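Step one of this worksheet: look at the structure below.
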Amino acid sequence: MYNSKIIGLGKYVPDNVVTNDDLSKIMDTNDAWITERTGIKERRWVKEGSGDTTATMGVKAAKMAIERAGISKDDIDFIVFATLSPDMYFPGPGVQVQHALGIKTVGALDVRNQCSGFIYALSVADNFIKTGMYKNILVIGSELHSHGLDKTTRGRGVSVIFGDGAGAAILTREENNKKGILSTHLHSQGEHAEELVLKAPGMGTRWVNDILADNNEDDESYFPYMNGQFVFKNAVVRFSEVIMEGLMANGLQKEAIDMLIPHQANLRIAQFIQNKFGLTNDQVFNNIQKYGNTTAASIPLALTEAWEEGKINTGDTVVLAAFGSGFTWGSAIIKW
Ligand SMILES: CC(C)(COP(=O)(O)OP(=O)(O)OC[C@H]1O[C@@H](n2cnc3c(N)ncnc32)[C@H](O)[C@@H]1OP(=O)(O)O)[C@@H](O)C(=O)NCCC(=O)NCCS
């Protein structure tokens, strides 16, 4: 059995900055409400005509991660791509990355676990490496939310929160099993699937021809729905549980955490977890203020920036944790 470790990180965000004040010009909202409830000041939304898509943003983040890892694209044995906003209904963006990077015909797996997507993807990659099946795996989280949000007052409870962007990591084999990804922990609770959901188009709900036939402008089924307060209450409980689960599995106490990178759902959730675990501002990394919630991209985007800012060093215990639609949640404990 091997371990896996992260040897390269990359990110990409679209140029187009959308501030809270910009949003207040297109819907009934304001900077004070958004800042107080979520901590978000601005987000990136892909500009029409820019050519950015979920796959192309993932490719840009991947190129940076590959270069920083100091490997060649030809060393990559497998691709895992997490997103809830693929360019096409099928196939998923993993194969687009394989083609765009000109990588030989390695496998490409698409992960559909929303805000927990990157942790799930990391867990899959880690376990493929642990068993010895693959040596170098490219893991991507990328989202283009802005194209599918209801940007009117009707959708303001959701649309002000989400942003576009991508992050990527290169995982490689580590022979020392006290280093790298020590463990990952994954959970789901499908009874709450419809508390944070985009129902249509879906084969079991309403397909595109049903939507067109109804031609009903009040139809909200093809916009995301979120029961915000219910999601918030569940998130704070599950974040805490899954971080503790990860620590305990490795015989660690909360004092062992050098850096916590929570999924960037809401700054209030991150602050609640920070207080609960008695962590200082330097021990928790947040960039939701600049990017909003970028779902599967949020952890790799935050991890990349924390690393770029020199906040993660060799030997540190780094904890990643996420919660989101499904509900799904998970954590990863890493010895950097
Ligand atoms: C979404 C969230 C910020 C909303 O905050 P909240 O305090 O629960 O707010 P509510 O939904 O109860 O809405 C309060 C009021 O603000 C209004 N409102 C909603 N969005 C608004 C906006 N963007 N601007 C101004 N007012 C808004 C509502 O219409 C409501 O008005 P009313 O009282 O007249 O009916 C909060 O619930 C949250 O962060 N939840 C977790 C979300 C999350 O983490 N999601 C991702 C999980 S991965």
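Cβ atoms here come from the backbone N, Cα and C positions, even for glycine.
Segment annotation: TrEMBL labels region 'ACP-binding' over residues 264-268 (candidates 264-268, 294-298, 304-308). Across the structure, ASN293 (active site) and CYS115 (active site) place their CA atoms 9 angstrom apart.
Around the Cβ of HIS263 (active site), the number of neighbouring Cβ atoms within 10 Å comes to 30. According to DSSP, CYS115 (active site) is assigned to a helical segment.
Counted within 10 Å of its Cβ, the other Cβ atoms near CYS115 (active site) come to 32, all protein chains included. In this structure the alpha carbons, written CA, of CYS115 (active site) and HIS263 (active site) are 7 Å apart. For ASN293 (active site), the number of other Cβ atoms no farther than 10 Å from its own Cβ, over all displayed protein chains, is 23.
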